[in-house]
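Residues or ranges marked as domain 'Kinesin motor' in TrEMBL: 1-287. Per TrEMBL, ATP binding site is recorded for 36, 37, 38, 39, 40, 41, 42, 43. The coiled coil annotation in TrEMBL covers 317-344.
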């Protein structure tokens, strides 16, 4: 048999990501979205892992590398980059970069500005490290939300937007021009059949909303494909039937160069889903977008918005009381857009720093360790790390344990050290005590549900490095205990005897001494 041909992450990026970057630097809007059934590799393709990064981090890294080269070769060119990161879950939009903000954001469409999310933070960044840190903290927020909503997979759509503003200065003519490009990177939730997943209750409702948005996406793609083929030229395109398609309006049949990545499973059991995905991709190929170079768009939009504000103010003076409320709302909307678009770069940097502090404070308040990216642990600390069957949500959250750590709901007074919500979590759920490098114990409060290595516990229980802990119905963790230099396994075995003699239940004793920092760092 010949060698099987396959493509790694680098091949996928070279095939798709470089063209997206080329288009962006020319001033075109661009979009990549991944579609396929749950578990077929969408999140892996888009985000990747710490060691094998996907399209989004590779594209961001290459973006700043290219910006650096462009500015080094030409003093007349400068760049400004802003990012936003949102999650669409059950038709509701959440800002992943500003957890203290309003979390059920509204999608609006302005006749001049187009569809946008009202109140979504746009943060200024100056390096790949900035973006990498924002993605890491955004993914932490997404992981917390997914666990609290009892989700076992990334059951939401994630949209990462990058706005690149390229300013070109003609020193001789004393004229400046701008090209603005918006890159939308979309990780769609998995399409799946109710019969196969056995979903019920909230999970079924969640799946229905996901399938609604994906069905609407399919209808939009079909309508646009028919238009491109010359059939039903005046056919209505149902963009506004779902939040996802409304926000992707420009990317689908509008002003954007768009790439769809179709991910499929090789398993025979997934034949129907694979066929459905391939049909989806075949229809999407037929769509004709109308991309144009966005030269000085901000100046034109601001001018048009100011014209509209003047007209609305005049109409408001003459309006009857019944129409006044609607005019006031439209006026406030336009004035807010002007304010956002005329904000100076220095003010944007200050806002970014302020939101960064608030975001870190919100994570720390829940007991989550804040790091710029990945899991980097302190060698001498005992900590919990989250576990999730979805690789994109697994091992993202680190909770350092104190000598006496209380775990419970955030609405308690005083608030517990580690704050969890969701099914099965009691107001005060349990305590974890760290007495020394060997002696770590967990004690449930009242009737709190706790399982250690699959066994339900009812009393104070000893924990060892590598133990798997389930709190409530959906919060899975692994405990990590560092081994001091020079300590061998015999001491661990001796300690086990002491724990048993102290009437502590020992569910599992770690015997494989693999250093935790080698495992995670």
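Placed from the backbone N, Cα and C atoms, the Cβ positions cover glycine too.
Here the structure is a predicted model, which means the values were calculated and not measured.
Location within the structure of each feature annotated in TrEMBL.
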residue: 36; record: ATP binding site; CB count, 10 Å: 24
residue: 37; record: ATP binding site; CB count, 10 Å: 21
residue: 38; record: ATP binding site; CB count, 10 Å: 22
residue: 39; record: ATP binding site; CB count, 10 Å: 19
residue: 40; record: ATP binding site; CB count, 10 Å: 23
residue: 41; record: ATP binding site; CB count, 10 Å: 16
residue: 42; record: ATP binding site; CB count, 10 Å: 27
residue: 43; record: ATP binding site; CB count, 10 Å: 25
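Note on the coiled coil (317-344): mean pLDDT across this stretch is 68. In the three-state DSSP reading, residue 39 (ATP binding site) counts as coil.
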